[in-house]
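**Q** Sharing a structure, written as structure tokens. Questions coming.
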């Protein structure tokens with residue numbers, strides 16, 4: 001479990017992180033979202049003891065990162081895949097990490113196997129593609145078989161197979177009861193990956209909730225209806241709800257009443273339905289809605 | 001011990017320490033070889049054999065030690081290091097110990113290697129190491145390298161950038177301390193308290209060719225071992241400052 | 001329009017692109033997909049005349065890139081946002097590009113405005129974030145007001161607002177009648193961006209079709225049905241030969257039938273429907289199914 005309590009980080013007058021409190025629970029994948037400059041990286045760095053908070057506190061299972069005697073056995077982190085010496089081989093990189101936390105060196109071979117880098121283990125990390133560096137970073141995070149995992153933009157540079165692999169992998173880690181905390185800008189990807197969300201903007205907490213709840217709260221549910229008797233149905237529904245036409249698919253988009261009620265109205269009036277699908281808003285819509293004010297840099 | 005093993009793996013899993021060591025060896029021993037080859041057989045003295053090691057090769061070792069830290073900052077592996085070992089002081093101390101030890105060993109190899117090559121090229125010269133002063137002059141090179149490495153690591157931690165750290169170390173060692181001697185009257189007095197001047201003082205052989213040696217003409221207030229202690233004191237003080245800064249600074 | 005005809009590229013014994021033919025039509029966003037090492041980048045580079053095909057050819061509006069009189073006014077490309085001198089200002093970077101193709105100087109300000117970089121135009125590109133560099137790259141691609149646009153992983157490094165912006169931007173370019181070809185690994189993003197897809201694997205064409213057809217053809221379609229009278233509807237559907245499975249919280253999952261057919265049956269028998277949603281597979285599922293044996297990741301990293 002990761003707990004931030006009134007966490008603050010100020011650089012001169014700039015408040016990068018401002019009075020931020022949240023809890024990341026075990027057994028779930030928790031997404032960490034926010035526009036550029038929202039303070040995500042700074043927060044992750046404070047969790048890991050790389051940056052010192054100006055105020056407040058962040059702990060991992062009640063302890064500061066710096067108090068962990070063998071931190072890699074407790075916390076695995078992938079913040080930047082390029083934090084590797086380019087002239088050092090993948091194996092050597094993992095080896096010194098393992099030795100530093102008294103992790104048996106045999107584990108290096110195992111994690112290389114898990115991420116599929118066994119064949120290139122002896123090559124210098126400097127020649128790796130972004131996707132391979134990313135896999136090496138993940139291998140490093142897994143080395144100590146940690147209970148808490150932090151990933152910053154893990155799918156960066158991965159191809160579709162790699163993206164699917166890491167998503168399923170994170171789900172598995174969470175199912176095993178671990179705490180998985182992932183930051184990403186790819187909302188359509190996060191919608192499939194994270195069960196819980198922590199959303200920040202301008203260094204402050206915007207929301208901490210389940211992904212489903214987050215979307216439901218910020219977007220309006222609509223129902224897509226197709227019928228051979230569209231005109232008649234439109235008339236009936238207009239008395240209860242807002243109805244708009246979707247000219248591309250020729251269906252009606254209904255706001256304001258649930259699908260169930262539409263179905264009953266149709267049945268009462270003996271109208272044939274060809275489709276009656278409740279439409280959920282997307283994570284992207286919800287995110288844009290809630291972070292509108294905290295985006296630093298707008299395009300036209 | 002674990003942390004020392006970590007730093008050993010890190011140091012020897014990249015190529016730059018090998019290159020720097022090879023370069024230091026070639027420069028240190030090579031210069032002696034050139035001098036020996038161009039000096040009449042029988043005229044070579046022990047004091048001359050250590051020009052290469054105590055001046056030229058020392059600079060390379062300083063650069064190597066600084067690189068051991070600055071490349072970690074350059075490639076952000078310092079963050080990976082601090083993630084693995086959040087106790088930054090012990091992580092950096094372990095690095096200092098490993099690098100200083102290797103620098104010391106390298107110093108001994110270069111120093112005795114220089115004497116060896118001089119003996120081969122100028123067999124008639126008296127290059128025997130007998131007195132304690134002669135032993136200090138040759139074997140002391142390793143101590144100098146070790147302490148120099150500590151100082152270079154401290155500079156590396158403080159400056160973080162390779163170019164800056166290397167420039168500071170080279171200008172300081174090879175130019176600044178010499179140039180201060182130009183200041184009338186006071187210059188020589190100041191020089192008596194400059195770290196690298198004291199380092200040279202420690203190595204001074206005394207005897208006939210004392211005037212040719214680096215640091216000659218300065219009225220040192222300390223004994224030769226006192227000078228070494230002073231050099232070490234400066235290096236350690238700088239390292240303490242660097243460790244405190246590294247601990248407080250965001251990684 | 002971009003046309004590839006029998007396009008082939010060999011590096012020694014390795015065949016990077018193998019007899020590849022496809023057409024990218026104007027007026028829509030076409031996604032260019034494939035696993036790592038499928039030959040996407042090589043193909044993009046051949047379209048732009050950076051690499052020479054071993055065999056076959058690729059034409060832009062009927063001509064090879066190298067024969068275009070004013071290439072920047074025909075094709076705009078964003079291959080790597082970092083191809084900018086870090087100490088040159090954004091405006092200066094665009095000015096020399098404009099000059100090289102005899103484009104009017106005021107076009108520079110227009111494209112800066114279009115991508116939202118006007119306020120930082122005087123700053124050095126080296127200080128730009130990846131998102132801003134990406135916008136600058138797009139500004140450069142737009143300089144010559146080209147009919148054909150190529151983007152390689154355009155959302156790389158962008159934040160959610162930037163991703164939304166560029167998606168809308170590409171769709172607007174297509175709506176203006178331009179040809180837009182986008183390569184990306186982010187399938188969930190491509191599913192909402194591209195209406196047409198070209199999928200390659202091991203240098204060969206796997207399929208070219210609309211995004212919807214691609215998904216439908218590869219994933220089995222089911223319809224989710226909810227009704228207070230499922231006990232009545234279920235047997236009716238089974239009688240028609242459809243497969244009915246119990247779904248989550250009291251729903252049915254019907255395969256073999258379209259939602260239209262189910263709706264008609266329900267209405268004919270007076271069954272009230274609470275939901276009737278066609279379930280579509282994801283682009284990712286479809287992609288994994290179709291490229292399954294074309295993935296050479298493990299072999300690829302072994303190189």
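Including glycine, each Cβ sits where the backbone N, Cα and C put it.
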**Q** Of B:166-187, B:188-209, which range does TrEMBL call transmembrane segment?
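**A** The listed stretch tagged transmembrane segment in TrEMBL is B:166-187.
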**Q** Under TrEMBL, which of the candidate ranges B:76-94, B:228-246 is annotated transmembrane segment?
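**A** That would be B:228-246, per the transmembrane segment entry in TrEMBL.
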**Q** Against the transmembrane segment (B:138-159), which of these stretches has the most C-beta pairs under 8 Å: B:18-36, B:56-75, B:96-118, B:166-187, B:228-246?
**A** B:96-118
**Q** For the transmembrane segment (B:228-246), find every same-chain residue at least 6 residues outside the stretch whose CB is under 8 Å from a CB in it, and list them.
**A** 88-89, 92-93, 96, 140, 143-144, 147-148, 150-151, 153-155, 157-158, 193, 195-196, 198-199, 202, 222
